[in-house]
Amino acid sequence: DKIEYTPVLASSALGGRTTTSTFVLEQPRCAFTTMQDRAIIWLVVAVPDAVPDFNNSVGPGTPERAFQGFPTNASAYMTLNTTLLNYPCPTSPGDITVLRVGSETSCAKDESRPTCNGPLPGPGPYRVKFLALEGSEPVAETAWSEPITLRTAQSSNLIPMTDGRHSAGMVALTSILSILFAILLAGLVAMLVFWGSDACGGSSTFSKPEAVTVQRYNTHHVYDQPAARL
Amino acid sequence: MAKSDDGIRILQGLLVFGNVVIAMCGIALTAECIFFVSDPHGLYPLLEATENDDIYAAAWIGIFVGFALFALSILGIVGVIQSSRTLLLVYIILMLITYAFEMASCITAATQRDFLTPNLFLKQMLEMYQKSETANNNDKWMTEGVTKTWDKLMLQNQCCGVQGPSDWQEYMSAFRHTHNDADFPWPRNCCVMDAQGSPVNLDGCKLGVPGYYNSNGCYDAISGPMNTQAWGVAWFGFAILCWTFCVLLGTMFYWSRIEY
């Protein structure tokens, strides 16, 4: 019989809620209330086209419901079988009650494991529901979920590489330094051009501390005297 | 003339003081640039892989410019005290050459800082992290550098990806080619690790449970040190150059006033 419960994705606080090949569902806690403990609850994952004429009696493990044939040969697969004991009600607060669909990578290509919880082959969309079987008799099922679409990875070539625009600081720094350097070069040129010419000296030049001109002048004078006496 | 003598004495004093400041700034610049070149945060492989490590070139130039400023300022002090035209001319010309180099260093550091955007590192991380088929030795070297640096970054800073773990989901990457999405929605180092270096809760990490994986991005951990380095080299150099400009102008004026 039909249970008024719709499978829903886990809370968005989980970073890995949907990835490119997995998604995380909330466990159907407190949904199967009038059930025997013997029944086995399966998760059915299907493409949306298979939902209208889905046959509950087709058992898990048949080629029509094998994960390895999904979605080409099998329009739905069944996995994550467990008993009601694993979905106790009520939930203790603080528990993370989720089911990760797509986490078993070891059996994804193993044909002998048709109920493998393998990674989803594409971004979807997919619709899921929970189906309880007793033996091979369906006894209870939930509603179908809303379509679940997984993430798609874009190529890294699409990352925009806009040229780093020049910041104002860099422009200011470059222009000020260039102007200062130009002034210094002009000053150097002015220095070299007027080297030797006292035109700019005027009356404000100063003499160096050591005055060296006096001695030579005396020597010259002394040598002149003997020549004059002869 | 006593007044102009006093004026010249004051100018001499100012020039000596200016040169002392330049000497100290030169040593500070050398020390700062040596600190940057030593790469305390281990981010150099990321820059090397962008094939544009101008910030490091600017720091290297800064080391030598610092030494040159120190040596030249001593020459300047000697020249000012002795009022020697030759010494001061040599001082001015060498200082101008050093000025040009330091200018190049500042402008390079400031320009390259603008080049380092989050998208640049994102693209590099996606294309190089854990890349398995490398084209040649150079490619292999850069890939290994990027991988090791990212592993260390994510471990030490408790971060994942450039903007967050969703980087690994939103884009194709070299990592994705070798690690399937179901087992590795993001690299292992994005998980919170215990003391032995293994994830505290691997399933929690894969699910993305807050507390078991690093949900913030590493961009701040990368751009923080790089900004400090770029601005440290660029703006400190700019300050030194402004001061040197004044000292050089004063020296040129002083030189033209020396009687020869």
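Every residue gets a Cβ built from N, Cα and C, even glycine.
Keep in mind the model is a prediction, meaning the values are calculated, not measured.
Counting same-chain residues at least six beyond the ends of the transmembrane segment (B:12-37), those with a Cβ under 8 angstroms from any Cβ of the stretch are 56, 59-60, 62-63, 65-70, 72-74, 76-77, 80-81, 229, 232-233, 236-237, 239-240, 243-244, 246-247, 250-251, 254. For B:12-37 (among others), the entry in TrEMBL reads transmembrane segment.
Within its own chain, the transmembrane segment (B:57-81) has Cβ neighbours under 8 Å at 12, 15-16, 19-20, 22-23, 25-34, 36-37, 87-88, 90-91, 94-95, 98, 101-102, 104-106, 108-109, 112, 229-230, 233-234, 237, 240, 244, 247, 251, 254, counting only residues six or more beyond its boundaries. The transmembrane segment feature in TrEMBL is assigned to B:57-81 (among others).
If you look up TrEMBL, you'll see B:88-110 (among others) marked as transmembrane segment. Within its own chain, the transmembrane segment (B:88-110) is flanked in space by residues 54-55, 57-59, 61-62, 64-65, 68-69, 72, 75-76, 79-80, 229-231, 233-235, 237-238, 240-241, 244-245, 248, 251-252, 254-255, 258, which lie at least six positions past its ends and keep a Cβ under 8 Å from the stretch.
TrEMBL lists B:233-255 (among others) with the feature transmembrane segment.
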